Amino acid sequence: MSTISGVNNSMSASTEKVVDVLEVPDKPELGRFESESRKGTTLEAGADALSAKPAFALLPEEIQGSLRKTEGFDAELTWTRREERWVTVNTDLCVLIPVFLVFVFLALDRSNVANALTDNFLKDLHITQNELNNAVLLGNAAIGLFDIPSNILAKRFGPNRYLPLLVLAWGAVTVGQAFITNKAQLYVCRFLVGAFEAGAIPGYAYYLLRFYRDREIASRYAYFWSANIFASAIGGLLSLGILKLRGTHGRAGWSYLFIIYGTITIAVALFALAWLPDSAVSASRGTFARLWYTPRQASILTTRVLLDDPEKSEEIHAAPLSRAEIFVTLTDWRLWTLVLCAAATAVLYSPINTYSLLLIKSLGFRGYTANGLAVPGFVLSIVWSIVMGILINRHGRHAFYVAITNIGAVIGLLWISLVPRNKAAQYIGILWLLTFNISAVGVIGAWTAHVVPARQRAVALALTVSFNNLASLGGSQVLRSSDAPRYKHGLWALSGTCTAGAILAGVAHLALRHRRRGR
């Protein structure tokens, strides 16, 4: 049964036929056959190929009518597996990598304060660690406040146009952050960065869904969200050189950090604005269309994506979200079990991102060296994220991997807080913790997309990410200066939230197990 009654030509006018947000129709597989030799086509004799016709024939007539009107869709199309692989590779290169790059600089701009801490940032601004926590809290509050409204606007105006403008805005604020001199200015800048960053992560996560089939998205989300981890790794390495500029032209090293990151962010925003199309359906109309796909490749992309999920058709997506659809999404209790799981898991992110470098520095390493020593942990986290994404693409089991990641984080937290003060042992514990910090967020994003239909995903993803950031409000206050240098009480509290995240993963699995998207 379709989640939205009237997935047809009149859907844009339908606001009263919305039913359960998580009931999704089973979708037929694309028809498989052994092709014959076809003169004038790309199909090779005996090649294993795919045909759109069998899957299209099983769709309701109203959906067939809608898809036939979609530019690039061809119900009679056949293509080889090799062609499909090339289309997927092109999409990874032309969509996933640019979006990954945007996320890298989002993460750098959000977390650059952590690197600035190793360059006397607190002393230069005459603020305390707790006041810095308040600044981080303000940024996360802004993200939580504006996530859902921003994502609704992204869907209304097109994520390829709206989101790069947000990137441009926070890049400009990041540059301005280089010239702050006191606590009040820091508070204003962090709030503005958070306000403009709001909607970017769920917005680009929703954007990626427009180009991939359901069974392909978990690994792509793993790469996408690993940008956050990658930024932490290269942020430490870049800062080794940038912070050494301290004293150049009378400016602090952290000032150059903000200037360089913000300037590159602005350049990335302008590139994204010119490069990215709205969806798979409009890929052939992008500014650099000829660099993306041939006409045949564009047709393969459009046909395979829309047969996997007809609700991704441009005609249906052109209709703004109705209040009824938003209300149904926000009030579905089963979806909320997943949102709460995401929130409990996310409490860990902010304090570990902010203070992992200080934890390493407290072992006796100099500031520059501490940044470099964190890199192996970030690399391990990226590897774990990608491995989970690949396994989920093949076997599913989102809840299992979320629970395992939370349990891994608990082990790391208890290790750091309870193991005797030995430099090598503590460092290994920090690397272990960094491996499991953040790595579950891509899995949770893929899980959300897996159980929510196309038109509700923009709101559902924004809701999940919003509560991630609201959870960070509490997380940013967990590690207090009075608990330094080992932060035992704070680490124990975080182990409790991670335990709750593992348990809630099981609860969400039970609540959603009958409402999975057809495969």
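Heads up, the Cβ atoms here are built off N, Cα and C, so glycines get one too.
Source: prediction; values computed, not measured.
Taken from TrEMBL, the feature transmembrane segment covers 86-108, 162-180, 192-209, 221-242, 254-276, 333-352, 372-392, 399-418, 424-447, 459-479, 491-512. Feature annotation from TrEMBL assigns domain 'Major facilitator superfamily (MFS) profile' to 95-513.
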Seg_contact(the transmembrane segment (254-276), the transmembrane segment (459-479)) with at least 3 CB pairs under 8 angstroms, min sep 6:
no
With Cβ-Cβ distances below 8 Å as the criterion, list the same-chain residues six or more beyond the ends of the transmembrane segment (86-108) that contact it, or say none.
163-164, 167, 170-171, 197, 200-201, 204, 207-208, 211-212, 216, 220, 223-225, 227-228, 230-232, 234-235, 261, 264-265, 268-269, 271-272, 275-276, 280, 291-293, 297, 300-301, 304
For the transmembrane segment (192-209) and the transmembrane segment (459-479), decide whether they are in contact, meaning at least 3 CB pairs lie under 8 A, counting pairs 6 or more apart in sequence.
yes
Count, for each of 221-242, 333-352, 372-392, 424-447, 491-512, the Cβ pairs lying under 8 Å from the transmembrane segment (459-479), and report the range with the highest count.
333-352
